[in-house]
Structure formats: structure tokens, C-alpha cells
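Presented below is the structure to which this report refers.
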Ligand code: NAD
């Protein structure tokens, strides 16, 4: 029996086939979830519509989370197709490129700080606010974080602060809506070469470093992140909420092997 059969899940954040959200959609589709998708802007519309076909979905709706009214409109439109649903994957992050290159104190700006937090953290709770009455009991919400939330990682800069805020958001939302039987978690993923990651200076070096230090001696794939996401959004994970789960090959527990 497929462990997501009968579940309707909305997936945000597909930009292309390399996106973590694409790996999540693959895993959820394999487990027989019914999927709907959002796209950020008209440039991505056709591409996301075509990718949605890989998952037998023709529910593809616009949503640029930098505009609160887009989020409201998204759920008004979705409610005409799905009266109720069972899961939301928030796989959205953004920081202006100049914030992801150089010394943190020198590069951070108020404008960059604000936009990074709005898109990468506030948008998650903003979506939950708008859709919570549409969520069935036993629904699950999921977002994507990174270790830069708790360690100072070169060039990750203000995005690390936004991920710390996002992880706190997960705990507060979990506490706020847990009584409805709805769970909320984050996956802290190891580095994967995607469009968003390409904006971080020296990302290739970061991948090489991971391969040397990680217990598994390799980076993780979007399929592996997808499988964990499918589990967390299923009833198999019914006792797990408010958590940040690492899918990073164990990097977060590693000693720096090569220095010892
Ligand atoms: P990606 O570029 O494929 O996906 C990022 C998505 O965010 C895109 O689909 C983009 O359209 C969307 N987005 C950005 N601004 C938006 C806005 N204003 N409104 C709506 N959507 C918007 O890259 P990805 O690596 O798959 O990123 C997905 C998530 O995973 C992000 O939160 C990222 O921080 C997180 N993450 C990535 C890595 C990595 O190494 N790639 C590691 C850990 C966590």
C-alpha cells in the first residue's frame, strides 16, 4: 500500500528538474499522493505546467509570495478545485545575490535582510494563515532549511538568519495548530546544486568540502530529500512535529576528519 494514497498535497518551489521540490514531487507521486503546484512568475508558468504533467497534475497556480495578496488569491482559487487538502510543501527561499558573497557584517543591508526574511521565512506562516481552514486533520506541512541556521557558514550570511527564523517558525506553527492534528516540520538538507544554490559564492567548494567531511562521504540527492519529505507528510510520521530533520548525509554531526 502506498503511504500517501488519498492525500492531496500542494507543492511550491519547483523551478526546474533540479529543484528540491521536484525531488519531493517525484517521491510523493510514487507514494500515490495527488499533487498541485505553484509557480513564482510567468517566466516559470509553462515550465512548471509541463513538469506537473510528470505527476499527472493539471493544477498549477501562480503565487509570488512577495505579495501577500497572491497568497490569499492562491488559496481562494485552490479552494474551488480542492475544498480540503492534506499537505503543503514550502520549498521557497531567496536572498539578493549581493548578500551571498563576502563578509557578513560588510555585506548585510536592511533592504536585503527584510526581503530575505519575508520570502524565506514569513511566507511560510503567511501561507499557513491562509490555508489552515482548508487542511484536513492529520495534515502535514513541510519547509526546507539549511545548517547555516545554526552555524556561521561563509557567504550564506543573511540567509542563515532567515533559516533560523524559519526553523523557529516551524516550532511556533506546530504549537499553534497541533491541536487540530496538523503537524509541521522542516528538512535541513545538505547542499544540492540548484538554481537557488548557484547564487551562493563558492558553492562548488562547499560541495567538495561536504564530500570529504560527511560520514557518508558524499552529498545527498533530491530523491533522498524527497523520500524523507514523503515520509514526514505521511501518517507514518504521525508522532513527529515541530522538528528540523537533517537529510545531509550526517554532515551536522561530523568531526572534521581530515584535520585529525
Ligand atoms: P530552486 O531554485 O530550485 O528553488 C527555489 C524556489 O523558490 C524556486 O522555485 C523559486 O521560484 C522560488 N521562489 C523564490 N522567490 C519566490 C517568491 N517571491 N515567490 C514564490 N516562489 C519563490 O532551489 P532549491 O535549492 O530547490 O530551493 C528550495 C528550498 O530548499 C529553499 O528554501 C532553499 O533555501 C532550500 N535549501 C536548498 C539547499 C541547496 O543546497 N540547494 C540546501 C538546503 C535548503
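Placement of Cβ uses the backbone N, Cα and C atoms for every residue, glycine included.
Copied over from TrEMBL:
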- 13, 19, 20, 40, 64, 65, 92, 163, 192, 193, 194, 195, 196: NAD(+) binding site (BINDING)
- 95: substrate binding site (BINDING)
- 146: active site, proton acceptor (ACT_SITE)
- 156: active site, proton acceptor (ACT_SITE)
- 201: site 'Involved in acyl-ACP binding' (SITE)
- 204: site 'Involved in acyl-ACP binding' (SITE)
- 205: site 'Involved in acyl-ACP binding' (SITE)
At the Cα level, what's the spacing in Å between residue 92 (NAD(+) binding site) and residue 204 (site 'Involved in acyl-ACP binding'), rounded?
-> 21
If you check the recorded positions 95, 156, 201, 204, 205 one by one, which have a CB less than 6 Å away from any atom of ligand 1?
-> none
How many neighbouring Cβ atoms, not counting its own, are there within 10 Å of the Cβ of residue 146 (active site, proton acceptor)?
-> 25
Check the binding-site residues 20, 192 for other C-beta atoms within 10 angstroms of each C-beta and report the one with the most.
-> 20
Work out how many Å separate residue 20 (NAD(+) binding site) and residue 205 (site 'Involved in acyl-ACP binding') at their Cα atoms, rounded off.
-> 20
Sequence-distant neighbours of residue 13 (NAD(+) binding site) in its chain (C-beta under 8 A, six or more apart) = 19, 20, 21, 38, 89, 90, 91, 92, 93, 144
For residue 156 (active site, proton acceptor), write down the residues of its own chain that are at least 6 apart in sequence and whose Cβ falls under 8 Å from its Cβ; none is a fine answer.
-> 100, 146, 148, 200
By a 10 Å Cβ neighbour count, the lowest-scoring of the recorded positions 64, 194, 205 is 205
Determine, to the nearest whole angstrom, how far the Cα atom of residue 201 (site 'Involved in acyl-ACP binding') is from the Cα atom of residue 64 (NAD(+) binding site).
-> 25
